[in-house]
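Take a look at the structure set out below.
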Amino acid sequence: GTACSCGNSKGIYWFYRPSCPTDRGYTGSCRYFLGTCCTPAD
């Protein structure tokens with residue numbers, strides 16, 4: 001995935017997903033990408 005930093009956390013983008021996977025934390029919505037930013041960033 002692509003690295004992202006939304007809010008106070010860093011993570012990776014999950015494109016075209018309305019929400020993060022259950023084992024991932026939600027950092028925030030980045031308007032300039034079609035996806036959500038989820039942690040951890042691996």
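Each residue, glycine too, has its Cβ placed from N, Cα and C.
Bear in mind that the values here come from a model prediction, so they are computed numbers and not experimental data.
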CYS38 - recorded disulfide partner, Swiss-Prot, among CYS6, CYS20:
CYS20
Using all protein chains in view, find how many other C-beta atoms are within 10 Å of the C-beta of CYS38 (disulfide bond).
24
